[in-house]
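Database features, via TrEMBL:
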| type | residues | note |
| --- | --- | --- |
| ACT_SITE | D143 | active site, proton donor/acceptor |
| BINDING | N8, E380 | Mg(2+) binding site |
| BINDING | K15, H203, L204, G205, N206, G207, D278, M279, R280, G326, I327, G328, E329, N330 | ATP binding site |
| BINDING | R86 | substrate binding site |
| SITE | H175 | site 'Transition state stabilizer' |
| SITE | R236 | site 'Transition state stabilizer' |
Amino acid sequence: MSLILVLNCGSSSLKFALLEPSNPSTVLSGLAEKLFEDEPRLIVTDGEGKQAGPLPGQGHAVAMRGILEALRGRGLLEQVSSVGHRVVHGGERFRQATRITPEVVAQIEACVPLAPLHNPANLEGIRGAMEAFPGLPHVAVFDTAFHQTMPPHAYRYALPEVLYREHGVRRYGFHGASHQYVTRRAAELLGIALEHSAFVSAHLGNGCSITAVKGGRSVDTSMGLTPLEGLVMGTRSGDVDPGIHAFLAENLGLSLREVTEVLNKGSGLLGLSGLSNDMRELERAAAEGHAGAGLALEVFCYRLAKYVAAMCVPLGRLDALIFTGGIGENSSLVREKVLGQLGILGFRLEPEQNARTVRGQAGPITAEGSPLALVVPTNEELMIAWETQAVLS
C-alpha cells in the first residue's frame, strides 16, 4: 500500500494525516501542539485510539521527527511514498499544486508579505519535513491555487492599477482544497458531470468562505487579499468599511497593527456576542436568552444568506448550495436560518431531513420542488493527497 503524508503547519502546531488516496479514511492522524511552549506534545490517533506524549524539544523540526518515529513505531514508515504540504498563499505564482524544489521554496518565501502569519509556518514545516523525509518527493498544495481561475472582474479591487501590477494587491481566496473537494463530491452524489456543474459552496468553520464553482472551477469567492474579507467568522469581522482603520486610529489611538489584531482576533462571533467564537456555545446561549449570542447568530446567518444570493450571479444557474465545515455540517439551526432568508430564490427547507443531517452525514436538506441544498462533509486532507498524487503521477 502506497501512503501519502499530509501536513498542515501552523505557527505553534502541526496537523498531519496519513492517507491512501483511494480511501477516504485516514490510516493515522494527529497533532503536534504547543510547539514553542514549555511542554510541547504529540497526539496520534490510529485504529487503537488516541495516544499523547511529550516531544523532546520545541519547534517544527522536532515535531516532524516525532511524527517520523510514530510512523516507524507502527510499521508504516516504509509505506509512505510522498508528502503533501498545505501552503496558505501562493500568490499569482502558483496556479496548481507543485513539486517542491529550492526554487519553489524561494517563491513561497516571496509570498510571505501576502500571508505573514501563515507562510512562514508553512515554510518551517516544509524544511522540517524535507529534513525528516529526505528521500521522498514533497508537493505544495496552495489554498489560493483553486481560485486562480477567477476572471479579472472578480479578483481585481477598484484600486490604482499600480498596486496590482507592482504589489499583487488583488483578491486571492482561500479554503481552496475544501471547496474543490466538496464540489467534486456533490457532482458525484448528484450524478452530474463536474465540467457541466454549477455550485455555491459554503465552508463554515472558525474561518468561513463561500465560493461560486462553475464547471469545477472557482469563478468568485468571498475571501480576498487576506482571509479577513467576506463572511462573519469565529473571531474575524469579515467585510467592514475600510475607513474603520482610520476611524479607530484617529479616535481610539490604535496603531494599524492593533486595528488589524482587533479585526482578526477580537471580532466576528466573539466580538458580536461578547461570549464565544464557538457556534455551538452561542446556539445554547441564544436559546437561553443571551442577547449577544442571539445577535451574533442572526448577523452570521444574514450575511451568509446575502453572499449565497450574490454567488448565484456568476453561475447563471444553480445545481446545489453546499454546506460544509464544522458549522455547515453540524448546525441545523444555521442552515434553517440561512435557507429561511433565501425564499426569494425558491429555497424551502425539509425540517426533518435537515435535523437528521449532522455528524458526518451527507445529503439533501430541501423540500421537493425547491432548489437543492446539500450537506457535504469536507475532507481537505484527502484533497491534498489527491493533488499530491496527481503532481507526481
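Quick reminder: no glycine exception, Cβ is built from N, Cα and C everywhere.
Curation plays no part in TrEMBL annotations; they are all automatic predictions.
The structure displayed is predicted, hence computed values, not measured ones.
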Nearest by Cα to K15 (ATP binding site), of the recorded positions N8, R86, D143, H175, E380, is N8
Fewest other Cβ within 10 angstroms of its own Cβ, chosen from the recorded positions D143, D278, E329, E380 | D278
Entry from the recorded positions list R86, R236, R280 having the most other CB atoms no farther than 10 A = R236
Those binding-site residues, out of R86, L204, N206, D278, E329, that come within 10 angstroms of D143 (active site, proton donor/acceptor) at the Cα = R86
Write out the long-range same-chain contacts of L204 (ATP binding site), meaning residues 6 or more apart in sequence whose Cβ is under 8 Å from its Cβ.
-> L231, L304, F323, T324, G325, G326, I327, G328, S331, V334
Among the binding-site residues R86, N206, D278, R280, E380, whose Cα is within 10 A of the Cα of R236 (site 'Transition state stabilizer')?
-> N206
Largest pairwise Cα distance, Å, within the listed ATP binders K15, H203, L204, G205, N206, G207, D278, M279, R280, G326, I327, G328, E329, N330?
-> 23
